[in-house]
Amino acid sequence: MSKRLIRDALNIPSSEITSESVYKQRRRLMQAALSAAVLPAFAFPSFARAAGYEIPDDLPRYPGPVWLRQKLASAVRNAELSVSDELAPYYHAITHNNFYEFGTDKRDPVRYAQKFKTDPWKVEISGEVAKPGNYNLEDILAPHALEDRVYRLRCVEAWSMVIPWLGFPLAELIKRFEPTSKAKYVQFTTILDKEQMSEQRSSFGTIDWPYVEGLRMDEAMNPLTLMAVGMYGNALPPQNGAPLRLVVPWKYGFKSIKSIVRIHFSETMPETSWNITAPKEYGFYANVNPAVDHPRWSQATERRLPSSLLSPNIVDTLPFNGYADQVAHLYKGMDLSKWF
Ligand code: MTE
């Protein structure tokens, strides 16, 4: 079958067709998604169409539970905090993932996370707060209006994507639970579920599960710091960290922890997974910084996805991933080569 015929059959723009193997991958992806009861495009109206996000009909989308769908549909674009860079095609955002709980290959999360149960979901709020507790996700989200924000995501591995998230500022959530004056840091924890997450069962893994991350309180309160529940106008796909993940666009992607079940406030700096694993390579701060190389590779440039051998699409990495105006003041006087 020629590429043209495939394109016409699937109604996919030529820019997204690369080879017959991509076509086959898409078919497999769609089959996996459908067997996991993910709805096809025509099954529901969503914010995606209103916002003009292109989601080819042959790719799965993730509507989420009914209560979330209603919330997602009423999201509003935050143009002020969105970048105008070209979006990553949806296909790349849902098939090129780091979610080590499901495997270390970029394709493992889309292959193995489709049946991951994300509803019902509880989030524990603990530590230095006036209102600790174990809350249903629906109650956590109830008072928050959702915003659509287009952010750059820069992985420490030197690739990047531009993604439209749906979420709300972490600062608003933090204020609701009333941190005490001792709360200087926030730690986030991903679900520990060996039955569903194959890599958590492995005795040879690199990470000491569950995955944990953390922010200084002023970083957590910065208006850019987002709790995301959706992307491209729909609920988060499981491989992207459903049902609730953090997005901190000026830091390397590993800070943006997925599938969060605990938010803990503490007086001391919390442990973070990659810092425990390789402290010389990954610091607590992990601010995107082209001037400070990773010990094994340069951080001066990045491969902006989609990228291929013939068209690698290499762009300069910007300090704080281009968000210096909003966040550089948080690190005034700090030596960022020491606090990497
Ligand atoms: N969160 C958990 N729980 N486990 C992970 O392996 N990988 C991180 C981050 N959050 C990771 C995680 C890394 S290294 C990156 S670059 C981003 O997720 C990737 O997000 P994406 O797959 O949605 O692009």
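Cβ atoms here come from the backbone N, Cα and C positions, even for glycine.
Unlike curated records, TrEMBL annotations are generated automatically.
For the Mo-molybdopterin site, TrEMBL gives Asn97, Tyr100, Glu101, Cys155, Asn240, Arg245, Ser256, Ile257, Lys258; the one candidate out of Thr190, Thr301, Thr317 that the record lists there too is Thr190. A helical conformation is recorded for Glu101 (Mo-molybdopterin binding site) in the three-state DSSP classification.
Whole-number maximum of the Cα to Cα distances across the Mo-molybdopterin-binding residues Asn97, Tyr100, Glu101, Cys155, Thr190, Asn240, Arg245, Ser256, Ile257, Lys258: 19 angstrom. Checking the binding-site residues Asn97, Thr190, Arg245, Ile257 against ligand 1 with a 6 Å cutoff on the Cβ atom leaves Asn97, Thr190, Ile257, in sequence order. Under 8 Å, Cβ to Cβ, and six or more positions away along its own chain, Ile257 (Mo-molybdopterin binding site) finds Phe188, Thr189, Thr190, Tyr211, Val212, Glu213, Gly241, Arg245, Leu246.
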